[in-house]
Each structure stands twice: as C-alpha cells, then as structure tokens.
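**Q** Found this in Swiss-Prot, in case it helps:
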- 1-23: region 'Disordered' (REGION)
- 11-44: domain 'WW 1' (DOMAIN)
- 52-86: domain 'WW 2' (DOMAIN)
- GLY128, ALA129, ASN130, CYS131, GLY132, ILE133, GLY134: NADP(+) binding site (BINDING)
- SER257: substrate binding site (BINDING)
- TYR288: active site, proton acceptor (ACT_SITE)
Amino acid sequence: MIALPDTDSEDELPPGWEERATDDGTVCYVNQQGKTSQWTHPRTGRSKRITGELPLGWEKYYDEQGKRFMFLNKETQQRTNVDPRLAFAVEEPTQNVAQVRQRFDSCSTALQVLHGKDLHGRTALITGANCGIGYETARSLAHHGCEIIFACRNRSSAEAAIERIAQERPAARSRCRFAALDLSSLRSVQRFVEEIKQSVSHIDYLILNAGVFALPYTRTVDGLETTFQVSHLSHFYLTLQLETLFDYKTRIIVLSSESHRFANLPVENLAVHHLSPPPEKYWSMMAYNNAKLCNVLFAQELAQRWKQRGISVFSLHPGNMVSSDLSRNYWFYRLLFAIVRPFTKSLQQAAATSIYCATANELTGLSGLYFNNCFFCEPSKLSKSAALQQQLWKLSENLIAELVEQEQH
C-alpha cells in the first residue's frame, strides 16, 4: 500500500465549510454556518478545479427528478451527490511562480505525486527508460494510463523492463513499446525520429533522462567525447527533430544534476574543445559536471525560444548518488554508491521530480525553471548566463550540421 503525503494543513477547510463541484468542474466553497458560498478557498485564497475521468468503478447520472448529478460506486453500490474527484481537485494554474506552493519534498515518491491522476490518452517519450530513474519514471506513468515509448539502445533490457511493468499492471503492456535509440550516434537519432514520426502524432512528455557518468575516455562514432554527446548533444538534436510533435500541452523535462554548479565552462569564446576535450585534458568528473551544465543551459534557452508556443521546459536534479546504473563504469563509484545507498533516495523518490515537472497542474504556463525535490530552486549563476546559453545553442547547431553533412558524403 502506498503511503499518501500528509495533508497540507493550510489547505484544510475551517469548521463549517465544505467543498462542492459545479457541472463544469469548478470547485466552490460553502459556509454552512453563514449560508454563503465563494469560488476561492477560505484560507489560501486560491481557486480549484476537478479534472480527468471519474475514478475506476464510478459513474455519473441524473437523480430521479433530473435536477442534479449523482455518483454511483458500482462495486459498493454507494450513491452520493459529492463528486469523488473532489479529493483530487487541483489549484488553477498560475503565471506567477511565487504563488506555487510546495506539495512534495525529497521523501515523496513518483507514485505519490501521481496519486489520483488519469493519464490515459497521454504519450511520454523517455530516453534511458529501461533502468534506474528512467524505468521508475516510465513505470509510474504507465501505471496511471500513459503510453510510454522506451527510447533505449538495448532492446532486450527495454523489453524486460516492459515485462516487469506488465506483470504489475497487465493493461500497461499494450501501452509500452521499445524504439531503438543510441545517443552515441547522430545517425541513430535520425532513424529514431523517422520511426517515431510514422507512429506518433503528438508527444505530451519528452523526458530526457539518459546519461553517462565516470566513463574512461572514449569517443563516439561521430568522433566526440562520449559524455558530452550522450548527455547533451544527441538530446539537443533529438528535441529539435521532434519539434513537429509538440504543442502547447507538451512538457520537456531535462534531467541535470546539482553537479552543474561545479562546471568549468568559460562564459566567453566557448569552443568544441571545452565540451569535447582531447584525452590529455579529460577528467571524467569534470566532463559530467560540464554536461550537466549543458543540460540546464539548453533547457533555459529552449524555454526562451519556444515560450510563445506554450511549451513548458524544465530541468531538474533527481537526487545525489542515487543507486542506479549510472555508476556502472568504474569500480570506485560502484563502491561509493553502495556505501551511501542507505542515506540516499530510492529510485521511486528520485523519479518524483521528473514526474512532478511532467504532470503538475500548477506548473501550467510556467517554463525555464530548475527543480530539486519537487520544487523550483535557483540554478547556478553560470547556467543563467544568456550569453553562454546562446553560445552553446549555436555551437551545438553548427556541430550537428557539420557532422550530419559529413555523414551524407
């Protein structure tokens, strides 16, 4: 049984008040003592709305006089005039980030964040969904009806992940599918996009989850340092190539890390050798830090460029040293991650911020924010440099154009 988050005391109604829902889903507040009603919460001053389909097993019908709606629980035969979705009513979205209240924290799990949500009809594309945080993200969304595209390199691993989800929720099997994507190859990204565009008309959630950590020095088939291409450049290319599948409902989630605060990229004259260094100047930890900074820079610039289209773009930190497959490349980090495991987030907790950014109603209309523990916070000063954001964008565009042209000849 999943433990639900504690009730926010600020959201509790004063004595004598109750919630009711209108036919269009707007929540009103009735003061039984004063015989008055209002559209805003008597304590928070916020308005709410019920959304989505009725919970499983409930149906809505008119009473015998045909004057008001009633609700029937077909399993228990319970009848009530109270809409069961009131328990999951959400605050109307705000354009002011200062008005967003923190509902979850570092202890919250992805499934807690999704409690009461119906995601049937939504489509999520998740890179690296076969293991770790990506798997828990996919699993949680699939449990709530979302269709999942497992964008992974390893077919057998992805299909095994889908099978585990199907064992827990058989109906989810038909909603999950694998599509081959190798982020170390721009050609693979191209083929992946071609396949997706033939089978999908719209993407609601693009979750750029995949990444690498602590790699020995290696180059991709495109000749770039692997950490940089896998963690940033291929995700950059993937996002722009999928642009026609996005609309004002789409949210793009970029997984970064607090490690972005320790990057050493220059603010001026950013060049390829800073991002994809030669072997003699390579340090795996700094390569990771710089790639994570690229993630935030990309998210900030993308949010700015696409803000008129209503597309929301968020970057986030999932948690420190979470026990995932990220540490697989070096024995020291595997040992270190194992030692600190009792003191870090579970994978369900680590996936919570990705899920929150993708689905939270209160984030509608907002973009360009950086999140940690399911709440926005300030990213590094360097990541907020408009000049560096634009330099990285231009460099990424030019680098991809050059590599794609080489591939065609």
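Just so it is clear, glycine is given a Cβ too, placed from its N, Cα and C backbone atoms.
Buried or exposed, and what's around them? Tell me for each listed feature.
**A** When averaged over the domain 'WW 1' (11-44), pLDDT in the model lands at 83.
Sequence-distant contacts of the domain 'WW 2' (52-86), counting only residues of its own chain at least 6 positions beyond either end whose CB sits under 8 Å from a CB of the stretch, comprise 19-21, 23, 27, 116-118, 120.
Annotation note: GLY134 (NADP(+) binding site) sits in a helical segment as assigned by DSSP.
For SER257 (substrate binding site), the same-chain residues lying six or more positions away in sequence with a CB closer than 8 A to its CB are TYR288, LYS292, ASN295, HIS317, PRO318.
Reduced to three states, the DSSP call for TYR288 (active site, proton acceptor) is helix.
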**Q** Please report the three-state DSSP label of GLY128 (NADP(+) binding site).
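**A** Note: GLY128 (NADP(+) binding site) is coil by DSSP, not helix or strand.
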**Q** How many of the residues that make up the domain 'WW 1' (11-44) does DSSP mark as helix, as strand and as coil?
**A** 1 helix, 14 strand, 19 coil
